[in-house]
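First up is the structure itself, then whatever we jot down about it.
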Amino acid sequence: MKTNNLILQTATKVLVFIILLFSVYMFFAGHYEPGGGFIGGLMASGAIVLLLIAYDIKTVRKILPFNFIKVTATGLLFSAGTSAGALFFDKPLLTHWFTYVHPPLLGKMSLHTAVLFDTGVFLVVVGVTMTIIQTIGESE
Amino acid sequence: MEILMAFLIGIIFMSATYLMLSKSLLRIIVGTGLLSHGVHLLLLTMGGLKTGAAPLLGQHAEAYTDPLPQALILTAIVISFGITALFLVVAYRSYQELGTDNMELMRGKEGNE
Amino acid sequence: MNSLITLPLLIPFFTAIILIFFAKNIPVQRWIATIGSVLTIIAAISLATTVYTNGIQTMNLSNWEAPFGITLVSDMLSALLVVTTSLIAFVCLLYSFKSIGKEREKYYYYPVFFFLILGVNGAFTTGDIFNMFVFFEVMLMASYVLLVLGGMKIQLRETIKYLLVNVISSALFVIAVGYLYSIVGTLNMAHISVRLHELGQSGIVTVIAVLFLIVFGIKGAIFPLYFWLPGSYYAPPAPVMALFGALLTKVGVYSITRTYTLFFTQDVGYTHELLEILSIITIVIGVIGAIAYSDVKKIIIYNIIVAVGVILFGVATLTTEALTGSIFYLIHDMIIKAALFLLIGIMIKIAGSSNLKDMGGLIHRYPGLAWTYFIAALTLGGIPPLSGFMGKVLIVRSGFEAGNYWGAGIVLLSSLFVLFSVMKIFINGFWGEAREYSQKEKQPVKWLLTAPVILTICAVLYGLGTEAIYPIISTAAETLSNPEIYIKAVLKE
């Protein structure tokens, strides 16, 4: 069955990038304001699901040739590695570290290990959500 | 406000119980989702509803809202998200395998004699 | 600052993550799993020795001071349980190599296995009541997957029931934590204990105590809440069954022990009386089930319920001696239940059926299996030099001292019936005429047998070395009966 959803497909081509960009914004906004890895990850997987609806599972697999379970594992490795890394500095588990840097033009910025942890969360959420959706969607 | 929430939570629990007692597997899953929503609301109410400013340094407010229940709810939401997803997949698989989503028909003899 | 306490959690966690990357390469997976498991045992044992020599170990995660952040606490009881868990995990892993099947190994059996160990070790180690919920969920999530992995009809059906029961009990857990938080305003277990004792006896505390009993009772399978257990534990293959039987219910029992010694000691007349009555009925129900069935799996599964009752009877008595007995029995039961499940797994594999009527005469061709089973059965029954004895003696004696003649009498009598139920398997399964399967080729069981043999040797040593182990266990019981030790170690007052 092939339905003609030209409008959806054309709109998706633009929308996916906007949503993905917004998810990245959300991810970094989480440092000081509402947002963060979890919500960003959900939004990113929302974008991929939109792709899935507009096209089909094969096309999406061609666009994003990842094994999403491995994406999840990579995310876990990021998060667990960041939290366990504190042990090497003789600090309790999950202790984070931050500093401020002053690169030219951009002004004062903070560097925080929590971003790495959140990257892990982002990847885990994308990986898990996509695995679930693929598992249910695939068998049809 | 807390009284109102108590009634609301009660109604949610009631509906969740009703749904979970039905035969259709899908309704049961919706019921568990509803149950966890009720639990999250209860947790929020138990911590005391809005009593002050956001708990951030440098706010200089007289009173602060307790951030802990919200953190707990966030954790609980993530967990129930995962469990609901797993439950749906298991339900779907068992619908394929057993050919029914009716709990009554799903009963089997194996291991129950 | 000692990071040793985190290792029994971090090692399984990292092993699980690494295993996901090698999901399709079975030999590599096996090696990584073995190494991870051995490292966990080493970490757990060194943690236990540190706790024994230096006292309770704590770690405040993220460097937040004790009552505010999440605290990991390892006292003697949790350290011992972590050691036992790691040992059982290692043995079940060995058994899985030859029995679980390629399909399951490819579909993330080993990673999920290690997530289960992470959850169990975490639940034993954490000192924060909400964090305990989180570790419970990690453990349960892994157990759902292990239960359903393989996708046979019975597994799917039982998983749905098991999932539903546990989703409801998790919801109740969060509700109970919410109520508790609303009256004490803290989640740190030591701090909760302090606040509850300041509060004194009040009705709401008793309500929360009973709510916690319901939550942990569903996980630990005590009397009115055990209904899901015989069905769900029946479905998965032997190594998973051994893990579930040895670990999952014991996490519930541990949680009851912890909360009923640390939190709810104000209204002992009500809460502990209730626990005592329920535990006695649990024993009776378990014994009836164990005797009534002629299915080997069911017999051992009902024996889990009996053991839960015996341990909780000791906890309900709440004297140092009774608690020592309970801890003795808890560890003994974890080891020997795992061994028995693995042994009947081999029997079922040989006979092709779990019904005793289809078995018989196994001793002729499999003498090693038969005699290992015999020793394990005697150990379970608590025959004197073996390991079940000491725990039961202490529990029964303190029961009599507390004037609870009925309860202690039933505990005593139950061991006779337990022995009868497992001997029934021995007599009908190993003695007598051999059945059709004896025509078939002899199954290679040597590798499979090493796993339960290791556990049985551990159980026997645990029994013979009672004299040496006693001081360790009494340290654990000392901490349970004097919550001040625990509180001081955590809050550093």
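In case you wondered, yes, glycine gets a Cβ from its N, Cα and C as well.
Computed from a predicted structure; not experimentally measured.
For reference, TrEMBL has these:
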type	residues	note
TRANSMEM	C:6-24	transmembrane segment
TRANSMEM	C:31-52	transmembrane segment
TRANSMEM	C:72-95	transmembrane segment
DOMAIN	C:127-416	domain 'NADH:quinone oxidoreductase/Mrp antiporter transmembrane'
TRANSMEM	C:130-150	transmembrane segment
TRANSMEM	C:162-184	transmembrane segment
TRANSMEM	C:204-228	transmembrane segment
TRANSMEM	C:240-257	transmembrane segment
TRANSMEM	C:300-320	transmembrane segment
TRANSMEM	C:326-348	transmembrane segment
TRANSMEM	C:368-386	transmembrane segment
TRANSMEM	C:406-427	transmembrane segment
TRANSMEM	C:447-465	transmembrane segment
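Ranked by Cβ pairs under 8 Å to the transmembrane segment (C:204-228), the stretches C:72-95, C:130-150, C:162-184, C:240-257, C:406-427 are led by C:162-184.
Beyond the ends of the transmembrane segment (C:240-257), by six or more residues, the same chain brings 77-78, 81, 85, 88-89, 92, 95, 113, 116, 120, 123-124, 132, 136, 139, 143, 146-147, 149, 212-213, 216-221, 229, 233, 275, 297, 300-301, 304, 308, 311-312, 315, 323, 326, 330, 333-335, 337-338, 341-342, 345, 480 to within a C-beta distance below 8 angstroms of the stretch. Long-range contacts of the transmembrane segment (C:447-465) within the same chain, counting only residues at least 6 positions beyond its ends with a Cβ under 8 Å from a Cβ of the stretch, are 87-88, 91-92, 94-95, 97-99, 331-332, 335-336, 338-340, 342-343, 345-346, 349, 368-369, 372, 375-376, 379, 385-390.
Nonlocal intrachain contacts for the transmembrane segment (C:72-95), taken as residues 6+ away from its ends with a CB within less than 8 angstroms of a stretch CB, comprise 5-6, 8-9, 12, 33-34, 37-38, 40-41, 43-45, 47-48, 51-52, 56-59, 61, 110, 113, 117, 120-121, 124-127, 189-190, 238-239, 242-243, 246-247, 250, 254, 257, 327, 330-331, 334-335, 338, 342, 345, 447-448, 450-452, 454-455, 458, 472-473, 475-477, 479-480, 485-486, 489-490.
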